[in-house]
Amino acid sequence: MTSRTAPASPVVHVIGAGLAGSEAAWQIARAGVRVVLHEMRPVRTTEAHKTDGLAELVCSNSFRSDDAANNAVGLLHAEMRRLGSLIMQAADANQVPAGGALAVDRDGFSAAVTKALAEHPLIEICREEIDGLPPQEWTNVVIATGPLTSAPLADAIRGLTDESALAFFDAIAPIVHRDSIDMSVAWFQSRYDKVGPGGTGADYLNCPMTREQYDAFVDALIEGEKVDFKDWEKDTPYFDGCLPIEVMAERGRETLRHGPMKPVGLTNPHNPTVKPYAIVQLRQDNKLGTLYNMVGFQTKLKHGAQLRVFRTIPGLENAEFARLGGLHRNTFLNSPKLLDESLRLRASPRLRFAGQMTGCEGYVESASIGLFAGLAAAADLVGQSLAPPPPTTALGALLGHITGGHIETIDAGPRSFQPMNINFGLFPPLANPPTKGPDGKRLRGPEKSVAKKQALSARALADIDAWIAAHLKLPKAA
């Protein structure tokens with residue numbers, strides 16, 4: 001459908017059907033409000049998308065840790081499940097083994113989201129590009145066009161805000177066909193044999209390197225041909241959570257050994273008495289287990305260089321690649337200046353923003369901001385206002401970062417605002433942090449840190465449940 005004629009009953013328009021837009025549309029419809037979801041693909045595609053499916057995962061297939069007690073992103077998972085998140089439902093239904101992480105079959109995940117939205121009676125999906133500001137008669141709009149917002153819409157937003165959109169680069173990791181990996185060299189094992197959702201403790205493929213192999217690999221990364229930047233891209237920074245592997249290598253020869261190639265928690269069964277100097281890990285990318293992505297191997301190497309360099313990795317000498325790595329430019333808003341606490345544009349409150357373009361980083365973070373934007377948009381339509389969750393929750397802490405928290409002033413220069421993953425550093429401190437363990441002994445070192453995270457998580461889950469009960473009347477998750 002491509003009609004822009006608004007339905008007779010009140011409606012919210014959501015522009016962009018990625019993770020944030022799909023979640024926003026779902027939450028609006030769950031609240032009993034009609035929604036028109038606009039998606040430009042396949043009418044107009046992007047340099048990173050490969051399909052016309054909704055909520056397509058263009059980078060990793062991992063939603064990261066699912067540990068709600070000890071990890072901030074796992075906590076955000078738990079809060080979103082309590083809030084009836086479609087993205088989390090689809091992720092849980094399409095998970096693949098990934099140690100302690102929640103990873104998904106990307107095609108199955110996108111298909112599940114697409115099906116749920118297409119079948120909802122209050123959701124109309126329009127395949128069209130919104131090539132400027134939404135029409136004035138659209139009085140309640142969620143813009144969730146993501147980091148790959150089309151140029152005409154980005155220019156229109158920039159003109160409305162009189163604010164230059166910020167930008168950074170994201171890099172994409174290669175995907176390898178499982179049957180092309182040499183299993184006389186590689187082996188299955190999760191780090192420290194950790195068992196995660198849908199996993200067995202042997203969920204990653206590991207390729208070992210000697211010191212000599214590692215040194216040669218680092219040299220090849222640094223010397224390999226890279227994609228050239230256009231003049232207007234040269235000052236665009238990388239997001240540190242998605243640095244190309246060759247950029248990490250340039251920062252120091254040992255950087256990779258302390259990052260994605262760290263050799264800890266793993267034992268090579270082919271040579272158990274010799275500790276590898278470095279290890280390359282691959283993670284299952286689809287439910288069939290036929291594809292594996294190279295963990296942490298985002299890259300801007302040219303395709304020929306990728307084939308040459310990555311086939312020097314032991315076990316990948318004959319690797320066949322389903323997808324090579326790539327690089328794309330992301331844009332995001334100066335949200336603390338431009339958006340209010342409900343994610344509305346101060347210059348035009350009928351427009352609300354959601355997802356990665358607000359300055360969050362990560363699949364789950366983007367979807368969670370879409371979730372709140374959808375709830376807030378639905379409340380607006382019936383003349384109500386929805387206060388954000390308390391900052392003690394993962395969702396509230398992330399919203400606080402986006403709409404005003406954690407802004408630094410550097411000397412006399414402008415305030416800086418950068419994309420952020422959810423982390424416990426965004427949470428307010430505990431009033432009474434734990435000092436003693438269950439045995440009564442004083443907590444020290446790592447034990448103290450673990451206890452603090454668990455206390456922050458327990459407080460967050462209690463507070464999100466209280467917020468749901470007070471504002472949303474949703475049933476608690478089991």
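For all residues, glycine too, the Cβ spot is worked out from N, Cα and C.
The annotation FAD binding site is assigned in Swiss-Prot to Gly16, Ala17, Gly18, Leu19, Ala20, Gly21 on the grounds of sequence analysis. The annotation region 'Disordered' is assigned in Swiss-Prot to 429-448. What Swiss-Prot records for 438-448 is compositional bias 'Basic and acidic residues'.
Here the compositional bias 'Basic and acidic residues' (438-448) has, by DSSP, the following mix of helix, strand and coil residues: 4 helix, 1 strand, 6 coil.
For Ala17 (FAD binding site), the number of other Cβ atoms no farther than 10 Å from its own Cβ, over all displayed protein chains, is 30. Its own atom aside, the Cβ of Gly16 (FAD binding site) has 30 Cβ atoms within 10 angstroms in the protein chains shown.
Those same-chain residues not listed among Gly16, Ala17, Gly18, Leu19, Ala20, Gly21 yet with C-beta within 8 angstroms of the centroid of the FAD site C-beta atoms are Val14, Ser22, Glu23, Ala24, Leu54, Ala55, Ala144, Thr145, Gly146, Ala354, Gly355, Ser366, Gly370. The DSSP secondary structure for Ala17 (FAD binding site) is coil. Spatially close to Ala20 (FAD binding site) yet at least six residues away along the chain are Ala144, Gly146, Ala354, Gly355, Gln356, Ser366, Ala367, Ile369, Gly370, Ala373, judged by Cβ distances under 8 angstroms. Sequence-distant neighbours of Leu19 (FAD binding site): residues of the same chain at least 6 apart with a C-beta under 8 Å from its C-beta are Ala55, Ile87, Gly355, Tyr363, Ser366, Ala367, Gly370.
Counting Cβ atoms from all protein chains shown, Gly21 (FAD binding site) has 30 others lying within 10 Å of its own Cβ.
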